[in-house]
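K.L.:
Mind having a look at this structure? Questions to follow.
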Amino acid sequence: MSQLTLTDARVLTPDGIREGDVRIADGHVVAVDGVPAVPETDSPVEDAPAEDSISLGGALVVPGYVDLHVHGGGGHDMAGSAESMARAVRFHRGHGTTTTLASLVTAPVDDLVRQLSWAADLADAGEIAGAHLEGPFLSHARCGAQNPDYLLDPDLSAFGRMLDAARGWLRVITIAPELPGALDLVDAAVAAGVVAAVGHTDATYDETAAAYDHGARLATHLFNGMRPIHHREPGPVLASLDARVPCETINDGIHLHPAVLREVLARGSDKLVLITDAIDAAGVGDGVYTLGGQQVWVRDGAARLESGSLAGSSLTMDSAFARAVRDGVPLEAASAAASANPARVLGLDDRGELRPGARADLVVLDDAHDVMRVMRAGQWVTGDNDRHE
Ligand SMILES: [Zn+2]
C-alpha cells in the first residue's frame, strides 16, 4: 500500500482552508489533518513526519480541476487521431485538469463515430471520464465555429450509432432545443444516462425551459453560441439561469465580461462551471489552426474564424481559475466552479473536493494561483514535455 503525506499545506476543503497535512494512500485522500486557517490563536498541529512525506512550504492545495469541455491543447487536436487526443489530455493535465471530457465538434457522423471510439478507448484506460458531443444537432443561426456543412436536425438513429460507438462513455451531448425532434433527443439522452446540455441555440425562453423540463441539466458555454438576452424574449440565457442547472462559462477574458461571471455566481454557488473550450492552440501561441475542418486564426490568445466568430479558446483550467479569483470570485466559489460543480454534472462523487475517501486529485498553487505541482489519483503528474512543447 503506497502512502504519502503532504505536510505544511494550506488545503481548501469543503469546510474552508485548513493548515496542516494531507494523508494519501492507494490513490485516495485518507485524511486532511489540521486546524482551520482562520482562527489566529492556535498554531498548526505538528505531527511527526511520516515515512513518505513532502513539505509543501505553506502552498495552497485545491482539488484537481474537472474540464467538461475541451477540444485540444499543446498543439494536439482531439479530433485529429487517437494519439493526439491522448496528448491533448496530457497537456491539460499539466495545467491541473485531472478529469477531462473529450469534446468533439460537429463533423460527419462517421467521423464522430470514429472519434468516439478513441475516447472510449482512453476512458477504458482511465485517462478521461468520457466524451462530450458538441453537435451535430445544433442551430445554423448560432453555430459559431461548428461547421455548418455537417449540422443535422435531431436524428435518433444517428444518436444511437454514436451512443454505441462511445461504449457507455458518452457523458454529455449539446443540443439546440428549438430544432424539430430535439425534445425526443433530450428524452433519448436522459434514458441513456447521457447529460443533455443546451447550447449553440436560437431557442426562446420557453423552448429552452421545455428542454430542462425534459431533463436537460447543463448549459453549454452560457452566453456564447446562443441568442442573447432581450427584455421581451430573454431566450436561453435567462431560461438556463432560472432552471436549476449548472452553466458552463469560458473565463478567458475574451468570451465574457467578469461582471457576467459574477452574475451567474449570484444565482447560486452550485451554478457556475469553469470550462476551457480550448483548441489545439492552447499552450502553443498565436498562429493558424484548424477546428472541425475550418481554419482558425489565433491572435493575442483569441481564436477566431475568418468571419470573426470566436472559435474556442486557448485557455487552460489553471488560468480560468486564477482569472476568476482575480475577477472577484471568492476562492471557495472559484474552486467549486472548477472542480466540485463539474464533477457533480458527471455524477463523480469521488472527486471535486478534498476530503477523506476522495480520489487524490489535487493542484498545488503558488501565491498567484499558478500551478506548481499536480497530483492525479495519488500520482504526481510529470507532463513537463507536454506542457512546454
Ligand atoms: Zn466547444
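Indices start at 1 and increase along the chain as displayed.
Cβ atoms here come from the backbone N, Cα and C positions, even for glycine.
What TrEMBL says about a protein is an automatic prediction, not a curated fact.
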K.L.:
Return the residue out of His200, His214, His230, His231 that TrEMBL annotates for the same Zn(2+) site as Glu134, His221.
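P.N.:
The one candidate that TrEMBL places in that Zn(2+) site: His200.
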K.L.:
Can you match one of His132, His255 to the substrate site that TrEMBL gives for Ala145, Asn224, Gly225, Arg232, Leu310, Ala311, Gly312?
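P.N.:
According to TrEMBL, the candidate sharing the substrate site with Ala145, Asn224, Gly225, Arg232, Leu310, Ala311, Gly312 is His255.
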K.L.:
Looking at the binding-site residues His200, Asn224, Leu310, Ala311, which have a C-beta within less than 6 Å of some atom in ligand 1?
P.N.:
none
K.L.:
Average the per-residue pLDDT over the domain 'Amidohydrolase-related' (60-381) and send me the rounded value.
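P.N.:
Mean pLDDT across the domain 'Amidohydrolase-related' (60-381) comes out at 95.
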K.L.:
Near Glu134 (Zn(2+) binding site), which residues of its chain come within a Cβ-Cβ distance under 8 Å, counting only those 6 or more away in sequence?
P.N.:
His69, Ser103, Leu104, Val105, Thr106, Gln146, Thr174, Gly199, His200, Thr220
K.L.:
Excluding Glu134, His200, His221, which residues of the same chain place their Cβ within 8 Å of the centroid of the Cβ atoms of the recorded Zn(2+) site?
P.N.:
His69, Gly135, Leu138, Gly144, Gln146, Thr174, Ala197, Gly199, Thr220, Asn224, Gly225, Asp277
K.L.:
Quick one: of His221, Asn224, Gly225, Arg232, Leu310, Ala311, which binding-site residues lie within 10 angstroms of Asp277 (active site, proton donor/acceptor), measuring between C-alpha atoms? Sequence order, please.
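P.N.:
Candidates kept after distance check: His221, Ala311.
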K.L.:
For His255 (substrate binding site), which DSSP three-state class applies?
P.N.:
coil
